[in-house]
Amino acid sequence: LFQEFSTREKPSHKPPITGYTVGLTLLACIGGLLFGYDTGIMSGIQLFFGKSEGLKSMSTLWVELIVSVTPGVAAIGALVAGKASDNLGRRLIIIAASAAFLVGSIICAAANSKAVILCGRAMLGVAIGFASMIIPVYISEAAPSHLRGALVTCYQLMITTGFILANAVAAAFAHVDPVNTGWRLMFGFAAIPSILQMIGFVFLKDTPRYLYSKGRVVEAEAVLSKVYGGDSEWVQYDLSVIEEANRQEKKIQESQGSSLTIVRVLRTPHVRKALAIGCSMQMFQQFVGINSILYYNSEIIKGAGIKDDIMNLWISCGIAAVQSVGTFAPMKLIEKWGRRPTLLTSMAAMVVALSAMGTAFMVINWDTAKLDIGHTLDGIPAADRDATHLSLCADMVNCDDCVTSPLCGYCHRTANESIGQCLPVDEHDDARSTVGFCATTNTTEYTMSAKSCSTQYTWMPIAFMVFYLLAFAFGVGALPWVYNAEIYPLWARSTCVALSTFTNWTFNLLVSMTFLSLGQLVTKAGSFFVYAVISLIGFFVFFFSVPETKGLGIEEIENLFKWRAALEAETSSSSEESTEIARTPARSTKKCSPVKKKEEEKKEECEVSKKAMEEGGSVIVEPEPSL
């Protein structure tokens, strides 16, 4: 039932993998590296920047604002990039994203207040929004069909590599006065890859499909020649596919008239259906809680019992490395096994991993020290005993409950952590309490733990986090980007990818703004069980809605989303149009075959027909049987 998108026979041999294809993919994917870096670096920076002058009193609300402003602005940036890429080209939008990464990094590195960091993170949001929308589109439009899935997956691979780089850089700069200088260097490091990408794209061309749509046919053919290493069969075949897709698009525009792309998307049933599936994939990618783990990695590891900041960063680096290695699997599987089974297997594994994470934090909660309720008020002046926050802390049951609250910390004897009190944390210094035995930092007899508790099960959430990230990288991480980059027709691709990317960042914002609060509301364990239930719902949504696109040309895939009856009617209409052309009255007894012939034979037949017309003959030409 697929329309024939080429007048040429598809070459039987596979095209070569060229240096140009590899180069443009790597340069484009630097945007993914920056995406991952600027997302992951916040986990390390959070350990230090709240203690810097001008940034002290870093409340949970401020942390959530600084973290979540990036995905919030990225959602808007993705929408802007969609329309802009149709007008200005894919290449210029990538250059603009590189420039925004550079400016945002410099602003954050030089910040002297929370408000300035907020502005810098907003600029990084613009950059990430542009990059996350346009890079999968750029790669999918430039890549050969048999490599498209693997090359777009490279984008996800570079995102995970960005997480590794972020944690490694954070661990390195944590040794350089981290409270005053180190965290600034962590922000500023992102300027280096952004400059490299900007310079690289100055010398690259736009995608052949974009160039052809703008009438720049010679340039499009030149780019295809580089992509296919001068293989003329593949160049001409791909060019004919693009030409036919553009011809059909012009025909539709002539019949429907000009209208806003989004209006046409909503009026076109099969594109509307594809958009609904694409947006749902991006929504569930975020609703499985991935960025809650990536943004608050250090908080989760501390909650598991790791108190040393440097050790925390290296564990984060190792976990990110596991995720990056896991991304290699879908690069092969999505072209051999298929998109659909890879996605469903990944979603099922996510349900198991998230349930295991929730169970691990329940075990940790049961294992941590119980509070010494009988002596909770020891050392606290009577005037302070009725304070609301003191009452809240006194109501806690154990150490884990205590440190989960942003207002409280666990005060215990340094030599014995099994007995302690839950006391209000000093907002200017979380190493001491506002009252009680830990109210002074001049004693070594008592220690205040604001984020973590000692437990023999520290390994459990870290091990299950590794399993979770492997499950995510296996399919859910890469496939929404691959799928959205290939399922829309050219006229709708930028707009639909922008809308699906907007969906991704909107739910990213929702998850990142609510993770800490959700943990305080339903406990850390409860928040992971919530994500597990959402993942289970996502599995069934994908099971009943996602078709397989493996092995299909990018121009053919849209037919998967058409109702069978509509597709048959469209195919029938196309066939009738061909027959009508073949039965055009002519002045010849010669037969004009619609099958492929040599150019010389076609020219000869046309000359015979023209001569017959001049002589006054009147014979209806019968078409030869189609091959």
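The backbone N, Cα and C atoms fix where each Cβ goes, glycine too.
What TrEMBL records for this protein:
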- 596-614: compositional bias 'Basic and acidic residues' (COMPBIAS)
- 24-550: domain 'Major facilitator superfamily (MFS) profile' (DOMAIN)
- 572-627: region 'Disordered' (REGION)
- 21-49: transmembrane segment (TRANSMEM)
- 61-80: transmembrane segment (TRANSMEM)
- 92-112: transmembrane segment (TRANSMEM)
- 118-139: transmembrane segment (TRANSMEM)
- 151-173: transmembrane segment (TRANSMEM)
- 185-204: transmembrane segment (TRANSMEM)
- 311-331: transmembrane segment (TRANSMEM)
- 343-364: transmembrane segment (TRANSMEM)
- 462-483: transmembrane segment (TRANSMEM)
- 495-516: transmembrane segment (TRANSMEM)
- 528-546: transmembrane segment (TRANSMEM)
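Non-local neighbours of the transmembrane segment (462-483) in the same chain are 132, 136, 140, 148-149, 152-153, 155-157, 159-160, 277-278, 281-282, 284-285, 288, 290, 293, 300-301, 304, 315, 319-320, 322-324, 326-327, 329-331, 334, 339, 342-347, 349-350, 352-354, 356-357, 360, 500, 504, 546, 549; each lies 6+ residues outside the stretch with a CB under 8 Å from one of its CB atoms. Same-chain residues lying 6+ beyond the ends of the transmembrane segment (21-49) with a Cβ under 8 Å from its Cβ atoms: 55, 58, 63, 66-67, 70, 94, 97-98, 101, 104-105, 117, 124, 127-128, 131-132, 134-135, 138-139, 142-144, 147, 151, 154-163, 165-167, 169-171, 174, 178-179, 182-183, 186-187, 189-190, 193-194, 196-197, 200-201, 204, 227, 291, 294-299, 309, 312-313, 316, 320. Long-range contacts of the transmembrane segment (151-173) within the same chain, counting only residues at least 6 positions beyond its ends with a Cβ under 8 Å from a Cβ of the stretch, are 21, 25-26, 28-41, 43-45, 135-136, 139-140, 143, 181-183, 185-186, 189, 294, 297, 310, 313-314, 316-317, 320-321, 323-324, 326-328, 330-331, 334, 473, 477-478, 481-482, 485-486.
Only residues 6 or more beyond the boundaries of the transmembrane segment (311-331), in the same chain, are considered here, and those with a CB under 8 A from a CB of the stretch are 40, 43-44, 47, 150, 153-154, 156-157, 160-161, 163-164, 166-168, 170-171, 174, 297-298, 301-302, 342, 462, 465-466, 469-470, 472-475, 477-479.
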